[in-house]
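Visitor: So that we are looking at the same thing, I have put the structure below in structure tokens.
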Amino acid sequence: MDPRKNLASVGTMPEQERQVTAKEASRKILSKLALPGRPWEQSMKQSFAFDNVGYEGGLDSTSSSPAATDVVNILGMTCHSCVKSIEDRISSLKGIVNIKVSLEQGSATVRYVPSVMNLQQICLQIEDMGFEASAAEGKAASWPSRSSPAQEAVVKLRVEGMTCQSCVSSIEGKIRKLQGVVRIKVSLSNQEAVITYQPYLIQPEDLRDHICDMGFEAAIKNRTAPLRLGPIDVNKLESTNLKKETVSPVQISNHFETLGHQGSYLATLPLRIDGMHCKSCVLNIEGNIGQLPGVQNIHVSLENKTAQIQYDPSCVTPMFLQTAIEALPPGHFKVSLPDGVEENEPQSGSSQRHQEQGPGRTAVLTISGITCASSVQPIEDMLSQRKGVQQTSISLAEGTGAVLYDPSIVSLDELRTAVEDMGFEVSVNSETFTINPVRNFKSGNSVPQTMGDIAGSVQKMAPDTRGLPTHQGPGHSSETPSSPGATASQKCFVQIKGMTCASCVSNIERSLQRHAGILSVLVALMSGKAEVKYDPEIIQSPRIAQLIQDLGFEASVMEDNTVSEGDIELIITGMTCASCVHNIESKLTRTNGITYASVALATSKAHVKFDPEIVGPRDIIKIIEEIGFHASLAQRNPNAHHLDHKTEIKQWKKSFLCSLVFGIPVMGLMVYMLIPSSTPQETMVLDHNIIPGLSVLNLIFFILCTFVQFLGGWYFYVQAYKSLRHRSANMDVLIVLATTIAYAYSLVILVVAVAEKAEKSPVTFFDTPPMLFVFIALGRWLEHVAKSKTSEALAKLMSLQATEATVVTLGEDNLILREEQVPMELVQRGDVIKVVPGGKFPVDGKVLEGNTMADESLITGEAMPVTKKPGSIVIAGSINAHGSVLLKATHVGNDTTLAQIVKLVEEAQMSKAPIQQLADRFSGYFVPFIIIISTLTLVVWIVIGFVDFGVVQKYFPSPSKHISQTEVIIRFAFQTSITVLCIACPCSLGLATPTAVMVGTGVAAQNGVLIKGGKPLEMAHKIKTVMFDKTGTITHGVPRVMRFLLLADVATLPLRKVLAVVGTAEASSEHPLGVAVTKYCKEELGTETLGYSTDFQAVPGCGISCKVSNVEGILARSDLTAHPVGVGNPPTGEGAGPQTFSVLIGNREWMRRNGLTISSDISDAMTDHEMKGQTAILVAIDGVLCGMIAIADAVKPEAALAIYTLKSMGVDVALITGDNRKTARAIATQVGINKVFAEVLPSHKVAKVQELQNEGKKVAMVGDGVNDSPALAQADVGIAIGTGTDVAIEAADVVLIRNDLLDVVASIHLSKRTVRRIRVNLVLALIYNMVGIPIAAGVFMPIGIVLQPWMGSAAMAASSVSVVLSSLQLKCYRKPDLERYEAQAHGRMKPLSASQVSVHIGMDDRRRDSPRATAWDQVSYVSQVSLSSLTSDRLSRHGGAAEDGGDKWSLLLSDRDEEQCI
């Protein structure tokens, strides 16, 4: 019976019957709504209409049905926030009485009503939140027990298309969540899946279809006999099969409408809405209007162009709802109210409509002249206060600023002029681009409560409606419908999270292309975007995002204008007048795909913006040349937008050298003055007057100081002037103020003394400016040298990009008709490019023809090359190792993977907050304080002088008799004031930090640690989390042979002959595994020469084959003694004559292709090595499978000790790698790391670092590869291995020269010592100022303590010397040696078990369970046989421990056996 009929008749029933009927209907509907997967489940957390009509809102069955209590095991909880999220989510479900989650026990106790909710549904709800949930042992779910064999069946499916462990995880994760699936085991090596299922809930065909929908090829291999169900089972099946029960949204809408009319609190409003075009409009209206206060329910029908809204009239009015819908972007919705609704009805909410906020633009500005934090804040304050500016961020370290602004309100030129008016030099660093944030309706953000908030914040989610024709070159217009009924294709962009490798990309593309209405799919791995062209009459963009979500990824439709458009600048020759300009501009703007064209006759340049999907740079050049002009690409310096600091380095170097040349004699004279004379009456030679009032010393001081003041100090004056222009006082202002007043005062009193013909030359302060300028200029010079290093990392990254590409024109059967060398800037999407062996892939693309191996270490960090075949994705900047290939360009310019990595590094360097020197932060308060004290001293002594002249006369040094009393008072007060200003000069404060940093970095370099400046040295002691890369960091990064096994029952050759044959065969291979095997064989044989190989063939992804001869001579020259291995098989004699061996070396597939059978014991032995993180390959000689080689990347011997030491220091340690989870777990167990992030991209590493930083932690990243460089730049301290890539070294803050991981510990230890010394220096400087300033001000004159001017200079010099001597004490630092670390770890350092290591995939924080021996695993491996037939004859220099050592230090470079070749 239709529940709506029951509900519609409520009003005609007696009160008691009506109440019972409503309860019955509510129980039925809400029990169906509680099923997982219903789109309206989350919106029904309360009873809504039932409460409002006076009925009981809860389920009546809750009180009558008995409640059950069960325990659910939950994996993946990390904090109490997880606990609260689970409790809030589950407690809101219907049928849940209560839930208590325990973080310590990793479980939840749930009390629920079985008739409404079962345990499996609860587990699924928890898993949907990102956790792993399962019923505790001994607890039965509310459906038939899984443990009953009679209710389970097993099916084996053949699954093709899996390439890595990520594919296995995706299949297992998706299928395991299906109702009726008990367990699943997917084998990558066997390309099959074994699934135990409940046949009354799901069938094998359904399982096969689900796997096919994920983008794989699946077929049923075999299945168990179908179950025969009795009458009881049939009844149970009917009651359990929840899939047959559905509730349509229309039923729910009608249901609420009926209830709404019955109650006095809710009303139902039918509306007519015009302007809706697609499902995105429906989601836009429902998602925003449904969250307004007073709106209980809303249902929008795209087909009928109507909406049914259930609302509270006391909170909201129909006119308010009409205004709210019409205010939603894009603003073209037209709402008609039903007849009878008063249009002038008062509104309870604001109906003022605000215009949609325009798209923001971001500009990056280069700002010269920023010297400290006090310069940064005024710029940010000034910009943020300007109308139209939404956000600003200034980087002191880079000298750049990012501004997000609305171009409709303020222009970029106005912003640049405003900053220049503050005294800085500004230039535009990069082109502006449009930003339109996508509104995420699933987020927990608060909903706007006013119409202005809605209009300003809600963003349109409709797909791009532009036509997307096939690229046909210039001048071709997009296809338009020829009839009114025709519809052009549309394009949408989907943001995808969770992709970890090229296999994920292939799966998404393959799966989407299976669905009707999808015309083409293009997925970018690094940027996490998918470009989909589709038929809007068949499918809509939200449905496309849902299809991707069904594959196990997070997906959301992006805004149309988030897609970057092409931008090119051309040099055009041949223009003579404005008519030429008009012809070019009009021709370009008429061309389909060109959105903007501007030609300047004076500069002969053209600026063109275009849609790269329709037209390309070469097409634009061709258009211009066709109308009679010549066009070429304007040369752009790729590093022009980076601040290289060359100008600043040059000017501060000049300032320092000038100050030093004239400052050294001044310092020498100061030392001379401090030397006491032999007799008190004797006058020093330099004190003799040349003329009355002018001594030799003062004349020399004047000459030297004048040069320093106006040459060496010129740039200080410039910086101080700019600082004062924007009303801030920094260290430059204080330095200039002190030196200028000291110089001016000294000059004035010297001139006065000469004019008065004084008998004695006065004491001057000419020695102050040279000393200050020398030290400060040196610090500024070194500072800018360090800053210049930041741009070198980006330059190194850009050097990885190819400069030219070979674009080919293809004929029939892919026959190359023409080849052309094209600059990278002119490569277009869709171009076919040829790449020869050893060349770089110039762009991201797909292989059209050819097979090869590609070195993609710049992305994955792994040295193992990856097989590329037709259809495979290649990455710009990677190396083509073997054969020539043709590829189709899919991402060019700024969309390539390499460009994305460059962008990541740029953003990391821009966003990193530099740690300012304590003196700089202090100077903002210190400068005005000292000026006030100095002024106050002047005023006070003038007053004291006029009140009691005797005080001044007593302490003023030998005033001339010709000077009046007033002049004496003024001179004395001014001298005291100058003494305060000079003695308080920030020389000691300024030297406190840089001297300690200079000594600390020098000591670090002597100990094998290169620290780039003071910021990382200061920051290192605050580090709370260290993230290690794997390959090349924790491990050596080079594969090594760990074990060599011979089969005793088939081997007929002695071990050394097998080694000679295998080594000779592999000598012709370029694969890293082949190089490792050859090196091992040479070491074991003790020779550098091998035999000869012919007919060599290497098959990418499989192995090699060849014929080997002339190995007897090698064995004869070898010092090794032959040891036959075969049981009962005599060794081959050395004098038997030359032999030729047919050799096969490779993986399982290679052996199968060559007709060799792999027995189960050999396969199990290979699997055992692979589970330990090693790569196992097989050896066949003369058609007989005779051996197996295990190869791995060994862990560095000090890695485990370094990890233990860091942990003992209270530092958290994590492993983050692009390698697979199996390998990552194997490494983590060996070195003692509990938390692992595997299969991550460079962007994932940056995001993980940012995530930890957002939690308030200081993070250090240790890596060695190009893929690590963005994370190294983002981390608070980036630490690079000295043997790593140049890019990583340039991006890092610290470089470990000796490639020793214990130096990570040493750098933190030295940082603590250095910071401690800096603090001591600052304390000494502050004590000096706190004591010296009162003395200089004359506070202690009444008790006889007087500071003469020369004493002030001497005290200032003494304070500087004391700070320098304090810093030099760091020279005594000694790095803790290895023996000390080993003694501390003795007996405490133990490897972890697999269950102690939590592995997370990509950016997914859900923990992947460690492998445990479950009952299912035991059943799966019950057929394993003994490996007694395998014996190890590896002759190792490590003696008997070789086998154990191989297991202990083994590591798999890649577990994708099918992609490894020798």
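Glycine is treated like the rest: Cβ placed from N, Cα and C.
Model, not experiment: these values are computed from the prediction.
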Visitor: Check whether Swiss-Prot assigns Ser511 and Asn1154 to the same side of the membrane.
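Guide: Topology check (Swiss-Prot): Ser511 vs Asn1154, same domain name.
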Visitor: Do any residues of this chain, six or more beyond the ends of the transmembrane segment (700-719), have a C-beta under 8 angstroms from a C-beta of it, and if so which?
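Guide: Counting only partners 6 or more residues beyond its ends, the transmembrane segment (700-719) has Cβ contacts under 8 Å with 369, 371, 651-652, 655-656, 658-659, 662-663, 665-666, 669, 686, 732, 735-736, 739-740, 743, 746-747, 750, 764, 766-767, 769-770, 773-774, 776-777.
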Visitor: Tell me, roughly as an integer, the mean pLDDT over the domain 'HMA 6' (566-632).
Guide: 84
Visitor: Let's see if you can do this one: DSSP helix, strand and coil counts over the domain 'HMA 6' (566-632), in that order.
Guide: 23 helix, 24 strand, 20 coil
Visitor: What three-state class does DSSP give Cys281 (Cu(+) 3 binding site)?
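Guide: Its secondary structure by DSSP: helix.
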Visitor: For the domain 'HMA 1' (68-134), DSSP counts of helix, strand and coil?
Guide: 22 helix, 24 strand, 21 coil
Visitor: Take the domain 'HMA 2' (153-219) and count its residues per DSSP category (helix H/G/I, strand E/B, coil), listing them in that order.
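Guide: Residue counts for the domain 'HMA 2' (153-219) by secondary structure: 22 helix, 24 strand, 21 coil.
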